[in-house]
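Everything below concerns the one structure shown next.
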Amino acid sequence: MEQNMEIDDIQEPGCLSLSWVDMAFKSSIRMDVLNSWIWQEALWLPPGNHWEDLKLDPEQGYNPRPRDLISSVPLALGFIACRYVFERVVAIPLSRISGVKDQVRMQVFSSPQLEVYYKHNSRQPSHNEIFNLSKQTGLSPRKIQTWFRNRRNQDRPTNTKKFCEATWRFVFYLFAFVAGLNYLMKTPWFWDQREFWSGYPNQPVSDAQYWYYILELGFYLSLLLSVSVDIKRKDFKEQVIHHIATIFLMAFSYSSNFVRVGTVVMLVHDSSDFLLESGKMLHYAGLTHICDPLFVVFAVVFLFTRLFVFPFRVVHATLVLSLDFFDPFFGYYFFNALLLILQALHIFWAYLILRMIFKFAFTGKVGKDERSDDESEGDEDELEEDEKDRGEKKDILNSKLESLTNTCVLKNLTSQRKINIRQPKAR
């Protein structure tokens with residue numbers, strides 16, 4: 001009976017391969033259904049247009065296709081590798097030449113229990129947690145509190161790391177802005193926004209437009225891929241939302257052939273980003289006499305491009321002027337929704353910049369970069385408290401040395417007096 005069961009359990013090789021073929025066939029059908037659903041003409045093209053209409057003869061030019069964007073993925077990995085080399089070969093030596101200084105961090109004493117708690121529970125324990133840790137370790141609450149503060153300071157990025165990150169972004173944004181401006185100034189849609197839609201959707205793309213898109217998309221993908229190892233700033237969530245919205249915006253605008261308006265959107269963003277990064281570089285180098293005037297220039301450019309050019313030129317052209325050339329469709333609503341998300345972020349950052357301008361007007365100098373200069377609001381306080389602790393320890397040490405010196409002097413005087421008393425007086 002057992003032998004029969006074993007024989008029945010054995011499958012012929014052909015049956016096994018047939019099941020795999022059947023599964024692959026079903027998966028292929030599912031992919032075809034998903035592919036046909038994603039690339040519905042109603043989602044990507046205005047009413048009355050078809051994918052076949054976008055095919056052009058070689059002499060007519062080249063209409064963008066979604067598969068062109070695949071090359072941005074290896075390009076993003078290439079950007080990450082280039083950044084790694086750039087920061088070590090160029091940025092670090094430049095930081096030393098520029099006079100970037102890193103603050104001295106106090107080293108913590110070895111404590112496996114506190115280290116495990118720091119990594120797996122909380123980096124900033126409450127008073128109750130500190131009290132419980134004090135019972136477990138036998139250390140005083142004050143000592144535990146100091147340990148956690150110094151441990152957090154050790155994990156904070158140094159000014160050199162911040163300088164290197166800002167330098168890398170500055171180089172790319174400056175290159176992208178100069179190259180983009182040089183190209184777009186020769187195009188009619190840079191001067192007349194109605195030209196965004198002239199002949200749409202049959203608008204062949206040039207090699208310059210293609211590379212402008214691919215390089216920008218690859219760079220923003222690299223920023224998103226490296227966000228976990230980059231410096232986490234106050235506006236970390238807003239930055240992630242900005243990167244995701246920008247990537248979706250570029251990918252969708254290229255696939256829907258909104259390339260003309262997309263190039264202008266990228267130029268508007270690059271126009272102030274390189275000024276921001278250069279200001280950060282000067283700030284980390286301690287060159288405040290140059291950093292403060294540059295911040296004013298950045299603020300003017302940012303407020304003009306993000307609160308005037310972007311909403312009243314770009315968004316107005318996509319939201320209003322475009323309806324003179326085609327009827328609304330899904331791509332119209334989706335594209336404008338992404339633009340409005342970016343505009344909401346622009347307003348948020350403009351609010352922070354205006355706060356800094358207000359402080360600059362009353363104090364005469366730019367304070368901390370409220371947009372994204374510090375990792376968290378409490379870090380500077382921790383460093384100041386750390387410096388205060390060092391100062392207090394120094395004062396205590398000086399007091400002890402002074403007390404010891406006075407004691408030694410007093411003992412010497414007393415001993416000398418005793419010696420003088422013992423000696424016979426001269427007659």
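Glycine is no exception: its Cβ is also placed from the backbone N, Cα and C atoms.
DSSP states for the domain 'Homeobox' (114-158), grouped as helix (H, G, I), strand (E, B) and coil, give 33 helix, 0 strand, 12 coil. Annotation source TrEMBL lists domain 'Homeobox' at 114-158.
Marked as DNA-binding region by TrEMBL: 116-159.
Taken from TrEMBL, the feature domain 'TLC' covers 161-362.
If you look up TrEMBL, you'll see 170-190 (among others) marked as transmembrane segment.
Here TrEMBL flags 210-228 (among others) as transmembrane segment.
Feature annotation from TrEMBL assigns transmembrane segment to 332-354 (among others). Sequence-distant contacts of the transmembrane segment (332-354), counting only residues of its own chain at least 6 positions beyond either end whose CB sits under 8 Å from a CB of the stretch, comprise 46, 235, 238, 241-242, 245-246, 248-249, 252-253, 256, 258, 265, 299, 302-303, 306-307, 310-311, 314-315, 318-319, 322, 326, 370-371.
With a threshold of 8 Å between CB atoms, the same-chain residues lying at least 6 positions outside the transmembrane segment (170-190) that come near it are 86, 196, 198, 208-209, 212, 215-216, 219, 260-261, 263-264, 266-267, 270-271, 273-274, 277-278, 281.
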